[in-house]
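What Swiss-Prot says about this one:
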| type | residues | note |
| --- | --- | --- |
| SIGNAL | 1-30 | signal peptide |
| DISULFID | C81-C196 | disulfide bond |
| DISULFID | C213-C221 | disulfide bond |
Amino acid sequence: MQLSLTQPCFSGTLLMLAVSTLLLWEQVTSAPNYRMSTGSLYQRVVELSHYTHDLASKVFIEFDMKFGRTVWTHNLMLSPCHTAAIPTPENSEQVHQAKSEDLLKVSITILQAWQEPLKHIVAAVATLPDGSDTLLSRTKELEERIQGLLEGLETILSRVQPGAVGSDYTFWSEWSDLQSSDKSTKNGVLSVLYRCMRRDTHKVDNFLKVLKCRDIYNNNC
């Protein structure tokens, strides 16, 4: 099919966006993290963190617009996130008072807590009768981005505090609900998970911005 000269060139814009995203991903994952300076690694994980949170927000909005009417919104808003038990700074003052290694550890713990759920989320979205290819591809991408971000943070922590590791947090009990044949139950769990993922990626993004400003620019930013 031949395109007319007046047809909007959306394909070019989408291609540029895709290339930009791919380059950002390759910057964080192509070369071993130990070869980068800590400053460069901070810069790249902050960029990846911001992108990951933006992606999580888009996925949540897309899911809510398509499936929001099939879930009980009031009850879901009261449902706690599975990461709620992870102790984190509650406000800006506590974030700035926290030690760098502690902010890194809690960020790692939050991301680790999403590794297992994301595997089940991807499988559940793949079987949604009314799901879209975009929702599935974005969810898969979230899984990859969070893994890349986790690896970058673990490298930074190993430099800030050699031998330190984040707390192991793997408790998650709702995977069986994602396999439910009841549409409302399944969509309800997905809605909570996408909402919580948006919340947690935003929290990690804020922590990393503080760390970058403090540890790389001595708070002159």
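Cβ atoms are placed via backbone N, Cα and C, with glycine included.
Counting every protein chain shown, the number of other Cβ atoms lying within 10 Å of the Cβ of C221 (disulfide bond) is 10. The two recorded residues, C221 (disulfide bond) and C81 (disulfide bond), show a Cα separation of 32 Å. Under the three-state DSSP scheme, C221 (disulfide bond) falls in the coil class.
When Cβ atoms from all protein chains are considered, those within 10 Å of C196 (disulfide bond) total 21, not counting its own. Recorded residues C213 (disulfide bond) and C196 (disulfide bond) have their alpha carbons 26 Å apart, per Cα-Cα distance.
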